[in-house]
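Undergrad: Pasting in a structure now, in structure tokens, and then I'll have a few things to ask.
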């Protein structure tokens, strides 16, 4: 046994003992982040600090643009200067082994990391020349249409630099430059903790049961962020991208790059655990105390690992790396290597470090020259692969018993059994675990035996063309990358840097290298390239440092420039490290320990301890010193001396060479190494199938719009169906006591639905009467024969499956009846048969198996009406010669239909309906008898045409004679007083009006006086003419006619051309001008109504002035709305521009704009605009706040009444912003989906995504919270906006309401949308907090009222499907006239609220609503309170009330003159206002601004709203100051029968002369027949009050009416003078 070796072993034991006690004080060790290593300069050598510069920065612009802009393409330089021109590889002349080469790579990984590209990415891609030898054989390269670029992202830099020439860009070193063990323990404490076992000071092991020599680190199942580029060997994306969890846990994030680098990672891992185990043994620490002393053990092992590494790097590896003399095979001392420890010399070509002395003023930072070029000298030594061998069989012949073994190929296209001798580097990138797991010791043996490449300028193919790359560029040229990296860092030229480091400039290209002939050829090729590029061909000016420095390389090692740079760098790293192992003052090691480290710790020593290798000169497992005869590897693994060291490689590895190797496990000739797999590209958009998901996503989202529209239309149709269902009546089970009366349900038609009716058999008159439950006639079936020989036929169709019957009589619409049960049906059938046979008519019965057959074949009112419609059009065509078939839509009238029309026989009911009259009225009876000239009981086509021609003529006398003849039943030629009074009564009966006897006598007497007749005398036709065709009414009678043209709804204006003589002109309104010209003196209240004064209108003279006045008037009228709308829009634009500017310029560092263009600025601006608008909508939804503030002084500055319009205005802006945002993101996501995986991680750093998961479009859209919520938000917006259209609100209100309640989800998903922090930190809350707080408070106020149950005290069903509800008023419920509430009915669902205007006045004890049935809910409400359905119930169903809420109508009193216009049920808010007027008028001292109120009530018949008539009457009774002026417009007459309307008009005027009141209403209010001309009325109001500057116009009713009124206001506001402020609501 060698005494020296034995002494060293004993010394190790002594060293590890250190003290007798387990507890010991741990010295301060290297800080993992490098801070405070230097106490004077704490940040020197720290992580994330800038690279140093020895030479001046040479950026093209002096700040950050790449240097060397005029230099040749890096690919061309690589082609000529760094690729081999020889057919075979050449090994290291100085015996440098692969162990030395790859150890150098792990040194680089320890002291610098500048590999991560900057974020955002800055690409300076390198164009690949078409003739480039690396790729020209690639199919993908040759098929490319455009220039192929090798991607080159620029390095990260300090954001505080690169601002000016005095502060150029400085790149960052992400790790410390110290040899401090970051390679083994990671760049941060958290990383270190992740690889520790926390027991016994060990690093975490894969299998704790294995010994040190066979142990491996634990698997990375916690997914430490190791570098994980695609595997370039495989040919599919799935196999190229593998999860990082497959790796082992190391401190070096790039430890898995290749098997050789990985082998060093395992080596240091084992060395740490070996030291820990030895320490435990020496300290005799028991097993149960290992956790307690874990930190102490770990730090002890760590300091020895770091010291070992420092010593080997600085004093073993670096001297051999920099210089190895030609006598290295014959001299065994250190003189053959670079004297790094020699005393410092003044020779700039041979710098040395001298002995270690810590100097805090030495900066240890890595220089740009070292990082970008000098340290990359090792690239010329890198081998294309590695020989591997098993344990050597002992033999005195050192080249015998080597046991070389082949490598099994794992290429995508290889066959089982394919082998090569060596392990190929280019195909092992990121597959490193395969070789390590196969046989790690074989790798160590191969690293010691395989020679590095020759020391020259050439780089093997595995680097210069086949180094790994990103997925889209799998193989890259590392030489070109090195050159471009130096330019990226702003490095100056080769000559300047020589001067910087004290070396002379070169005068010629040839001076670069005079020793190597091959290198001189490369220099000449490079010179010609420069010369051909227009650069200096005489001397190497403007040459890149990497190229020039590498061309200096000699057999001994790097040329003088790289040598100087490297020595200078390592000396500073050593001397600037306070924790260097030789610093006795840091108390990490004592002098004895330092000497042991310097003398005994070598790489061979460590290999002997932690592997199964037998290292020459070290002890084996049995404690014996290993001799050359039985050694696996030489004592110095960094250098192989050929025959003097074990197992020299059989040949230099070359893919072009095949041979048979003695002592190899391969029995045949094999290639030395395989070829590298081909260069591959990847299209992220198409490769990830984004080209499928991208369009499909936008297509299906786009289809959601028509799909939602379709659903909306379907729901509207369903709603109509439900309305029909709601109209269906349940047949009453109670039976009438009258045997001739039956309570049943009539099926009117599929659209009309059902109705409760009472069927009465009239035996005396031979009629079947159909009345409603209030005994109001609906129709009748006349079964009287018109001729003595005629027999009426009645058929009864019976449904066998349901209690349904159909009664069919000749000339009548079918009567389809539904009964509660079969018994009732049978009773009716028997009664009908008895009745029909009893009156002498014919009766028959037909049975049908299904009721549906009866419904399908029944002739309904709708069917009959379609035929009658064409009937009347043909009548018009015959009566008016100026009408054409096209005018009357009769162009497509077929022969069959024309025949049916000619054969039509109108029944009395149809005749009455054609005139809009009741079939039971005397007027209709007399008219029918007059027209039915042949006494057939029907009116034929010819009879009706003759009658129509008379009415349509302009002969007043014929028309008067027609009326006279109707009531001269006995044809005496005169009317008695009774006949005359009956005529007037029949006219009143048509309008549902009645007069008491006294009033009737007064009216008749006044008319007798007009005819100069004695009261009670008979009236001749001449007397009749004097009454109804006097000069006063002649023109009226002349123009009066039947109106059978189609007419619009209430308020629809009728436009008449100047000389038009159509039927519409003939029936022009008989309402006189509101000036009341020609009024009789007897009208008591007419003196105070509006009248026209002589005043000339002042119109602007020129068209331009007229247009300007129109604009100014509009602005004046809408000034507040315009101001706030403009202000809101300007703020919105400001928000948009601020975000757009921020992302265009201030957030340029984010990089999104660089890949998505200015589209990202638009989308971010639109995103903020969306947040602002959607959040602002909450303010407009805060009803209680609006109601409160409208009562304050703020109403003068803020248009609270226009909040609904503002809500829609903001919603449109929100929609526009949403559309811009969605379309913009579609474009942005396309750009993002085309980016590399790493780039996407850069732009979205705060969003975690595994390195093996590519960022496809569907990933961003469906795999991220931001994308998924964005799609959901888009769908919500589509649904909400589609169902918010006017059509949807009218026809599918419940759907509108329910979808609008999705706003809750809208805001929830808006917040979630930003939580992903994909682009920025969430900012939705900055817009949302304020409005949301207000809205929540407002909602809580509403909720506090909603659950107050209000008892309904009265419910009444009024005509026109109006339901009147009177219910209990909550004690805290204060409101103003004109306000509205939302109610929910408990029996219909306590959470479904609907808005209605309050019709009661604030002073009343109860609240009242008048609700018109227009939808399912309102129909259900009407049915709920139907007395028929309340039988047996003790109380009405209760309601919940939410409100009150304000609207424009409540401000009527703020205007000096107010005009109130109500149409139909829209009169409801004015009911409350009129009641309020009545109440206020009784308060003597009450003062308010309003001086005059005009109330216009437009209604088909005032009988439909008798409750409103009572209110007006009460107002008139207390209105002693003529405060209110009322006009009632009755439209039903004018729509149907103008002649009768004319007669009523004349009677009305006669009655007003006598009584000063309306004949119909009993009111002093003027009753007009027809629709109001709003423009004329408002004009007259304007002239009645010349001193009033602003009139308040308030309307509620159908859209046609409010639009007509709004148009009148707008038209008048265009003229000079007062303005009309119109506030309206539609129902």
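Note: Cβ is positioned from N, Cα and C throughout, glycine not excepted.
Computed from a predicted structure; not experimentally measured.
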Undergrad: Looking at 1259-1283, 1284-1308, 1309-1333, I want to know which stretch TrEMBL calls transmembrane segment.
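TA: Going through 1259-1283, 1284-1308, 1309-1333 one by one, TrEMBL gives transmembrane segment for 1259-1283.
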Undergrad: Between 1190-1208, 1209-1227, 1228-1246, 1342-1360, I'd like to know which one TrEMBL lists as transmembrane segment.
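TA: In TrEMBL, residues 1209-1227 carry the label transmembrane segment.
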Undergrad: Checking feature assignment: transmembrane segment per TrEMBL, candidates 1074-1097, 1098-1121, 1122-1145. Which range matches?
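TA: In TrEMBL, residues 1122-1145 carry the label transmembrane segment.
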Undergrad: Tell me which of 679-697, 698-716, 717-735 corresponds to the transmembrane segment entry in TrEMBL.
TA: 698-716
Undergrad: Spell out yes or no: are there three or more C-beta pairs under 8 angstroms between the transmembrane segment (1122-1145) and the transmembrane segment (698-716), with each pair 6 or more apart in sequence?
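TA: Contact between the transmembrane segment (698-716) and the transmembrane segment (1122-1145): absent, because fewer than 3 Cβ pairs are under 8 Å.
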Undergrad: Short question: which residues 6 or more past the ends of the transmembrane segment (1259-1283) have a Cβ under 8 Å from it?
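TA: Cβ under 8 Å, 6 or more out: 688, 693, 697, 701, 704-705, 708-709, 712, 1211, 1215, 1218, 1222, 1225, 1229, 1232-1233, 1247, 1249, 1253, 1292, 1295-1296, 1299-1300, 1302-1303, 1305-1306, 1309-1310, 1312-1316, 1318-1319.
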Undergrad: Test of understanding: give the count of other CB atoms lying within 10 angstroms of the CB of residue 379 (heme b binding site).
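TA: For residue 379 (heme b binding site), the count of other Cβ atoms within 10 Å is 23.
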Undergrad: Would you list the DSSP helix, strand and coil counts for the residues of the domain 'FAD-binding FR-type' (1345-1451)?
TA: 21 helix, 41 strand, 45 coil
